[in-house]
Amino acid sequence: MNLILMINLFLYINGLDPVLTLGSLAFVLILISLPFSFWNVGENSNSSIVRILIASANILLAIQLVFRWIQSGHFPISNLYESLCFLTWGLTFIQLLIERTFPYPLIQAALTPISLLSIAFASFVLPDELKASSSLVPALKSNWLVMHVSVIMCSYAALLIGSLLSLVVLLSSSRETLQIRSNSMGIGGFKNKSENLNIVKSIDELIPITFSKSEELDNLSYRTITFGFLLLTFGLISGAVWANEAWGSWWSWDPKETWAFISWLIYAAYLHTRLSRGWQGKRPAIIAIIGLFIILICYIGVNFLGIGLHSYGWFL
């Protein structure tokens, strides 16, 4: 905390807003990492440089959010600028977790641009009045703000990343056919429907199934989307409880709530096709990509309308 206060004091002495400065620095780091991430795809190698840059940007965004929390006196997710910075933090954090367990260069190339676009939009597109810290209206002065909004934003980050991984699966599976028939949780892992489960005398008799990169990406996408879907479900429930406490209504069907519910239905359909129908590869990937656009409409598109309880009211 002393280090954060020292950085804050240094920036103020030099006439710089610490929140905006740290956001811009995070943008620069992610921008520098972008060409390296694409270069690594051609070289078929995973770059530690990209991981270091993304991790540094993630730390800067975390410090930035702490600064804004100190400035405003409330959890920093009350306007579009703060939520975009929080979203970028979530995107970079999940990317780092994924790369740690699955160091595949195509992941860096697929996920880095969405973080760059998010922080660039926040830093250079939004007007100054939406970047400024502001006090909360009485209805938002609740512990539900932290629980509901942070969970929803983390769900957006996970669903966006999972959907982008599905896009990679769709592109890569056009050159190879996924053979595994399972629900991506290790159940029913047979390549042919005619194969039966037989009792073996020893583990040595079992023939391991090797997974291609597209199969591993498909499984990774499924797990990431599942995590995001659970967060979205919890976020919608907590939002309904909060709305009932604040406005006396569980659900008002304003644009944000409507599109959030549509997003939930799309990803519920995605999980249903995988768990119940056994779909793998291209078909569920298409559903996830549809969900990607729905999430973007839910998060950014609603602000074009400028109406509803959840709109930041910038565009119109």
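A Cβ is built for glycine as well, from the same backbone N, Cα and C atoms used for every other residue.
Taken from Swiss-Prot, the feature transmembrane segment covers 19-39, 47-67, 77-97, 106-126, 151-171, 224-244, 258-275, 285-305.
The transmembrane segment (151-171) is not in contact with the transmembrane segment (19-39), judged by fewer than 3 CB-CB distances under 8 Å for residue pairs 6 or more apart in sequence. Most Cβ pairs under 8 Å with the transmembrane segment (224-244) belong to 258-275, among the candidate stretches 19-39, 47-67, 77-97, 258-275, 285-305. With a cut-off of 8 Å between Cβ atoms, the residues of this chain six or more beyond the transmembrane segment (258-275) that come close are 152, 159, 183-184, 222, 225-226, 228-229, 232-233, 236, 283-284, 287-288, 290-291, 294-295, 297-298, 301-302.
Cβ atoms under 8 Å from those of the transmembrane segment (47-67) belong to residues 4, 7-8, 18-19, 22-23, 25-27, 29-30, 32-33, 36-37, 39-40, 76, 82, 85-86, 88-89, 92-93, 95-96, 99, 105, 108, 112, 115, 119 of the same chain, restricted to positions at least 6 beyond its ends.
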